[in-house]
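In what follows, a structure is listed as structure tokens, so that the remarks can point back to it.
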Amino acid sequence: MHNLLSRANALLAFTLWVMAAVTAACFLSTVFLDYTVPTKLTVNDVKVRNVVDYATDEQQADLATLNFNLKVDFSKIFNWNVKQLFVYLVAEYKSKVNEVNQVVLWDRIVERADRVVMDEIGVKSKYYFLDDGTNLLNHKNVTFVLRYNVIPNSGYLRLVQSSDQVVVPFPTTYTTTRRS
């Protein structure tokens with residue numbers, strides 16, 4: 001009859017085929033789901049400071065500091081095919097030099113076992129909001145939007161943008177205090 005190695009090979013090949021079919025079924029069962037959730041985002045206490053930037057030709061840069069409040073419930077997103085979320089806050093604006101400027105200000109990894117309902121109040125930006133030049137002062141249209149990557153157990157990585165955006169006009173004068 002068949003020896004032990006050929007039987008083990010057949011068993012392993014069948015097991016891998018079944019696992020591939022289950023993985024494909026897992027992906028297909030969640031591919032058409034809507035992963036957008038309502039968010040409530042407010043941006044407060046925006047200050048712009050002019051700093052020296054030796055990395056640019058102008059040697060001037062605008063540094064913005066701000067606080068924000070975020071309320072979002074991600075529990076609807078976590079189905080059995082979602083492993084974790086990578087959530088981040090982006091500021092978008094136009095300047096004379098660049099048509100699109102996007103700056104990530106804050107991020108967080110949300111896992112299934114973590115708290116999936118975020119109610120953050122008075123959060124400071126985690127990363128510097130630095131513009132190469134003086135384009136932030138008196139800017140009328142800086143848009144803040146929450147985005148998140150849905151990291152699945154199987155399937156493709158989704159980029160989801162919150163439907164709610166906040167447009168904030170920036171101050172008309174520089175702040176002169178040392179602390180924000």
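Yeah, the Cβs are placed from backbone N, Cα and C, and that goes for glycine too.
Database features, via Swiss-Prot:
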type	residues	note
TOPO_DOM	1-12	topological domain 'Cytoplasmic'
TRANSMEM	13-33	transmembrane segment
TOPO_DOM	34-180	topological domain 'Lumenal'
CARBOHYD	ASN141	N-linked glycosylation site
* Near ASN141 (N-linked glycosylation site), how many other Cβ atoms are within 10 Å of its Cβ? -> 11
* Helix, strand, coil residue numbers for the topological domain 'Cytoplasmic' (1-12) per DSSP? -> 9 helix, 0 strand, 3 coil
* Average pLDDT across the topological domain 'Cytoplasmic' (1-12), rounded to a whole number -> 88
* Structure fact -> Grouping DSSP H, G, I as helix and E, B as strand, the residues of the topological domain 'Lumenal' (34-180) number 0 helix, 84 strand, 63 coil
